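In what follows, a structure is listed as structure tokens, so that the remarks can point back to it.
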Amino acid sequence: MPQTTTFVFDSSLSANPCFLMGSMSHMITLHGLTASSTRCSYAFNDSNSRFKALAVPTRVASVFAKVKSKSSTSSESNNSAIDFSDPDWKTKFKDDFEDRFRLPHVTDIFPDAVSMPSTFSPNMRNPTTSDFPGNYPLDEDWHGYINDNDRVLLKFSVIFKNSAIFKNSAIAIADTAAIVILRLHQTIYYSSPTSAGAECIDPGCNWVEQWVHRAGPREKIYFHPEEVKAAIVTCGGLCPGLNDVIRQIVITLEIYGVTKIVGIPFGYRGFSDKELTEVPLSRKVVQNIHLSGGSLLGVSRGGPGVSEIVDNLKERGINMLFVLGGNGTHAGANAIHNECCKRRLKVSVIGVPKTIDNDILLMDKTFGFDTAVEEAQRAINSAYIEAHSAYHGIGIVKLMGRDSGFIAMHATLASGQIDICLIPEVPFNLHGPRGVLSYLKYLIETKGSAVVCVAERAGQNLLQKTNATDNSGNTVFRDIGVYTQQETKKYFKEIGVHADVKYIDPTYMIRACRANASDGILCTVLGQNAVHGAFAGFSGITVGSCNTHYAYFPIPEVISHPKLVDPNSRMWHRCLTSTGQPDFI
Ligand SMILES: Nc1ncnc2c1ncn2[C@@H]1O[C@H](COP(=O)(O)OP(=O)(O)OP(=O)(O)O)[C@@H](O)[C@H]1O
Ligand SMILES: O=P(O)(O)OC[C@H]1O[C@](O)(CO)[C@@H](O)[C@@H]1O
Ligand SMILES: [Mg+2]
């Protein structure tokens, strides 16, 4: 019997099945598909059954229409979504990509919306009177705005992996999961599909450019500053840099000439809880808030439904909403944008991705991540000192990562003090001859001490499942750090070898920190660009750094699933080289 894998995506999936189907390293055809307006679930069959679509949302359907319906064998092309015999496949691919990344704009709903010259001057000097050396360009030639046709290169593709290694992955749904998708971005020219980390769209590994919209101030704006009431809301968990972003949004809004700026307290809850009043914001209020961690406005999980939020926006006269948060918050922001469109409200909803876990797709990194990795060094160093100073000392540090192991991997790389790094993307056994505990015994015998870094989501398959969820509906995991500590103690007792095991969980110490310099700069750029995006008339978008430049993305494209560490990436291989750890399977 062929093995079946089911993928479940939410409505934000847009055209991803094109890629999902298109980049299989071995041939798999779709044998069943069900879809509703909010969720689609796809079942794949390893055999040669033909593609049968039962029901598909419009945008998805248009993509599937391009999929060649044919039986498949492993000798055929490894990409069934594109007809490579079509001489125009590259152009079609790029057009489809351009379409997917088109930014929703107020003129979609209000075609007659009139623009006006921007009230924001990118160059605070007067070009005609400045002392710019040499040939200072004329004002009309050099104004420093972003042209709407400017693009940032995002080379992006999909690869399929054998998912024995991904049993715990948030996106491999079925227990018998055989396949999982990774989407990565890169700007490397791979001369061969066998090059390390190669992401090829076609069998020949052709270079296919994919562009996204450049972020920044536009020459024309679609909101009169005196008619704007802007609101900022911070949702989800804390993350270093929230105050930095709030500050930059306020400062930039004021530069455009906005005077009505408010903060919504305690996340989306602030839109429904009558006891919570909006916080007036100005440059004066936010001037020094970046000097401390947390959020000036407070955060929360859960809260009112989208309809109630939009009712409240209308009541308060808010027509620009800046939403700082992770994937859940962005799903909410996108739903608010859609609801505003449905009700024909001229509101710009702009997201700023806040995820300390760095698990938002397509972005180089999200703010807070850098600070988290830096702060994690303290915990790792303490664990190392404790372990090193004890007779047969073992230090265990648990680091954050609801879905992915980026913080653990990067903190391990940065510290150079970790012997074993365990992340959710790479399965491991604790017990058994090739398990973590046997290797710890070896380390104790050979080195005298050892330090383990374990990501929050790692090894959940070893623990009893919990049905608990937080107020936002996120699964609450069992504590893999505590479990590892307990099992380690038990194991060494059983084998009669002394071991002094110490466990550190620095999660909330890290999250509450103020942003470091690198995150401070990132927050500044993101906050400013969020405001430029709103004045440019975009809505339902978010902003991120992409190949070191800054870009706007339609929200659904970055939250369709969490970004994961690729176990075949150079970075994970570097991490393994650094720790020297073997496979634990
Ligand atoms: N699919 C969704 N549609 C609408 N709103 C949502 C959705 N998912 C989550 N939210 C709302 O977004 C807010 C934040 O969600 P969540 O607690 O999952 O944090 P997050 O934004 O993912 O950030 P973090 O990285 O800290 O988890 C909550 O108020 C929640 O109610
Ligand atoms: O304790 P809380 O607020 O529910 O948040 C825990 C989660 O938040 C994060 O720190 C991300 O914000 C995750 O790494 C973690 O799973
Ligand atoms: Mg989340």
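Keep in mind that glycine also has a Cβ here, set from the backbone N, Cα and C atoms.
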Per TrEMBL, ARG301, GLY302, GLY326, ASN327, GLY328, THR329 bind ATP; matching candidate in GLY237, GLY241, GLY393, GLY395: GLY237
Site co-member for substrate according to TrEMBL, given THR355, ILE356, ASP357, MET400, GLY401, ARG402, TYR508, MET509, ILE510, ARG511, out of GLU275, GLU278, GLU456: GLU456
Distance in Å spanning the most remote Cα pair of GLY237, ARG301, GLY302, GLY326, ASN327, GLY328, THR329, given for ATP: 13
Spatially closest candidate among THR355, ASP357, GLU456, MET509, the listed binding-site residues, to THR329 (ATP binding site) (Cα to Cα): THR355
CB contacts for MET509 (substrate binding site) [other CB atoms within 10 A, all chains]: 13
For GLU456 (substrate binding site), nearby residues of its own chain (Cβ under 8 Å, 6 or more apart in sequence): LYS398, LEU399, MET400, GLY401, ARG402, PHE477, ILE480, GLY481, THR507
Spatial separation of GLY237 (ATP binding site) from ASP357 (substrate binding site) - C-alpha basis, Å: 11
Contacting binding-site residues for ligand 1, chosen from GLY401, GLU456, MET509, ARG511 when the Cβ sits under 6 angstroms of any of its atoms: none
Distance in Å spanning the most remote Cα pair of THR355, ILE356, ASP357, MET400, GLY401, ARG402, GLU456, TYR508, MET509, ILE510, ARG511, given for substrate: 17
